[in-house]
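What TrEMBL annotates here:
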type	residues	note
ACT_SITE	157	active site
ACT_SITE	360	active site
DOMAIN	139-475	domain 'Peptidase A1'
């Protein structure tokens, strides 16, 4: 079978070579910015962002705020170099991608969520920050929890549903940048009763002393356990009452820095589902290049989340798993030419819930099914044959030595979704991995049937989740 796959790869690559030899490949310029020699360390936060009272509402009743790029620091990574942190980020990313693939495969087999929760109006926006300085491929948002609000960093995750936060008293809590939330000091905190409708939304709720308990387990072995509750969340001047969240007293694993997680998935306990009536079931985010840009990232809920310049593709429903945002990827072009070996069948979501393509905010590197990745990689190598090759780096097998250069020409890459062609900036697929001028092609292959569009490829786009219309959009240059 392996020999047959290699033969087919060579056949399609030959067809691609014949095609491109008779036409001119399309290129774009990549301005080169290597990783910095030293890591910026900062725990500062603009106090103005914490004290908004809603006075910045525009005439259309839209709450907006300027967002700032802030790096969080954990004790284990305080003195680490950007190169080491990037390696750590890729290691964590591999855990996450495998966990997502295992979850999808398990649900295709048994038809229920696995590795997710067990046992347990008007527009508004929120700050989004980079976790790069902790070796994390995730983005953080700043949210007020409780009454009065205590502001904490929380991870944005479109691949999870349950909202949760570390709570005292801790049986075991990991180190976070802010004080651990104390529910006894919040007048709006309310435990969920065992057997209540809200408790029954958990996959298999359990109880202790008539209180509803939750547990969220992740494929890398990390987990959070505690009391299921409702609490007020504040996005600057906008308060949302009675948001269901987990108050975790035992939180262990590979969590880094943030106080908890804001689940942005499609499931019935996710934040978009809970607050859907308030913001019309629409939200969007824009994630900046964390290593090269001082521009802000942002998260918006409500009508203004939908960009007029976005191109949209329909969301695909997976009846076996309601958490992820599935889309239909029909092909990929390199240098203006469709790669022949990348057909829609490689990304098909079958009736059993296996395969498909999801868009995920928490995975860094886009993973494509192995045949699709090999075809894409080989097409890019052919188009970039004049660039000096460098040794492989971590999961990247196509790297280049661009030291001494300030810019290079690279083949264009376009991802073709159903109804939407998304042309990637060069910086979204050829990225620096060290301070010495080494750049790598930022895609990877997976033996899983599930492909994942990661946040490196999403950088600079406003990614629109219009759940009311069951569609997902990409607006280029959306962070301006």
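Quick reminder: no glycine exception, Cβ is built from N, Cα and C everywhere.
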Notebook entry, point to check: Could you give the Cα-Cα distance between residue 157 (active site) and residue 360 (active site), in whole Å?
Noted result: 7
Notebook entry, point to check: By a simple count, how many Cβ atoms lie within 10 Å of the Cβ of residue 157 (active site), its own Cβ left out?
Noted result: 24
Checklist line | Spatial neighbours of residue 360 (active site) that are distant in sequence (at least 6 apart) but have CB under 8 A | finding: 100, 158, 159, 324, 325, 452, 453, 454, 455
